[in-house]
Amino acid sequence: MYKTKGGFQLTLQTLSLVVGFMAWSIIAPLMPFIKQDVNVTEGQISIILAIPVILGSVLRVPFGYLTNIVGAKWVFFTSFIVLLFPIFFLSQAQTPGMLMASGFFLGVGGAIFSVGVTSVPKYFPKEKVGLANGIYGMGNIGTAVSSFLAPPIAGIIGWQTTVRSYLIIIALFALIMFIFGDTQERKIKVPLMAQMKTLSKNYKLYYLSYWYFITFGAFVAFGIFLPNYLVNHFGIDKVDAGIRSGVFIALATFLRPIGGILGDKFNAVKVLMIDFVIMIIGAVILGISDHIALFTVGCLTISICAGIGNGLIFKLVPSYFSNEAGSANGIVSMMGGLGGFFPPLVITYVANLTGSSHLAFIFLAVFGCIALFTMRHLYQKEYGSLKHS
């Protein structure tokens, strides 16, 4: 019975995450269409694309905590109701300010990530948590759904009507969660400040947050900037750019459970070190690529490593912070979201300063190298020599 309930709630919450991420990411794939109707500069575009990440990151901490207090059902339901307003406002946007305001509150769709990673592990034994969280993380595919479907639909019915169609989906899932959400979910009522005090003293939280800042940050950042970047720098058609961006997102999403499985079967930190070495290579490839073929190889390498890395990290979070899982999940996932905020701005700034975005990708490789040192430190403190696992 409990196993059946766990499977059902995992499915329900994963689909809810799909819908949340569809809303969170709707602006990026439609930007090539939006900028034809709204007068925006390239600098404004980079800010508009990055803004949804702010609230989508910061709210992950209270959302994770509230999930332990009231349960996933009510956090999901309330989030969907709130999302109806910025989606409608976006469909009416006529100025950069309106785009920024609606994008900011669309961040609620990204914040719900911490709801499931806090709730789902309650339904599964410890040895299955990595896989369960990996499956839930596949809800990130919502970003790819918007990338794949929004541009061709917008080409037929217009971007405003495309955005308004999301109102139906969001309202439907609010109703589904209200009816089928689990009111009997186990609650964990540890005072927030007590959790924060405990977490602040644990260096593992800082390491995991930094690693997720890179892996999930890369996932979010590439999903945000790729559609517009491919159109501007390689002259790719708007719909084709959306599809290519969707492939990046889908690949990372489907590989996330693989990361969870690897974390369940092997030492997650050791596997993560291998993953980051390959990611660094991918970043270097992007840093030297001037042709679309080489750029594609670099992007796919980053996509694979980001997806597997995301799954590995969220295998480790509940293992290290069982009593403070909600807050720890929120903090780590918040840092991952913020990791997606800065790269589009940095890429635009570096491109304006140097005439090329190559240096920005090299920064990713440098951040990855620093992460490797922290992983080695954690591994040696937890398990001893790297020669033994």
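Even glycines carry a Cβ here, placed using N, Cα and C.
These figures come from a predicted structure and were not determined experimentally.
Now, the feature entries from Swiss-Prot:
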TRANSMEM  14-34  transmembrane segment
TRANSMEM  45-65  transmembrane segment
TRANSMEM  69-89  transmembrane segment
TRANSMEM  97-117  transmembrane segment
TRANSMEM  139-159  transmembrane segment
TRANSMEM  161-181  transmembrane segment
TRANSMEM  211-231  transmembrane segment
TRANSMEM  246-266  transmembrane segment
TRANSMEM  268-288  transmembrane segment
TRANSMEM  294-314  transmembrane segment
TRANSMEM  331-351  transmembrane segment
TRANSMEM  353-373  transmembrane segment
- Message: Tell me whether the transmembrane segment (139-159) sits in contact with the transmembrane segment (246-266), defined here as at least 3 Cβ pairs under 8 Å among residues 6 or more apart in sequence.
- Response: yes
- Message: Please report, as numbers and ranges, the same-chain residues at least 6 past the borders of the transmembrane segment (294-314) whose CB is under 8 Å from any CB of it.
- Response: 117, 130, 133-134, 137, 140, 208, 211-212, 214-216, 218-219, 222, 226, 234, 244, 248-249, 251-263, 268, 271-272, 275-276, 278-279, 281-283, 285-286, 288, 329, 332, 336, 361, 364
- Which stretch, 14-34, 45-65, 97-117, 211-231, 246-266, tops the Cβ pairs under 8 Å count with the transmembrane segment (331-351)? 211-231
- Query: Who are the chain neighbours of the transmembrane segment (45-65) in space, where the CB to CB distance is under 8 Å and they lie at least 6 residues beyond its ends?
  - Reply: 24-25, 27-28, 31, 35, 75, 79, 96, 99-100, 103-115, 117-118, 192, 195, 220, 224-225, 228, 325-331, 333-338, 340-342, 344-345, 347-348
- May I ask you to check whether the transmembrane segment (211-231) and the transmembrane segment (161-181) make contact, with contact taken as at least three Cβ pairs under 8 Å and only pairs 6 or more apart in sequence counted? no
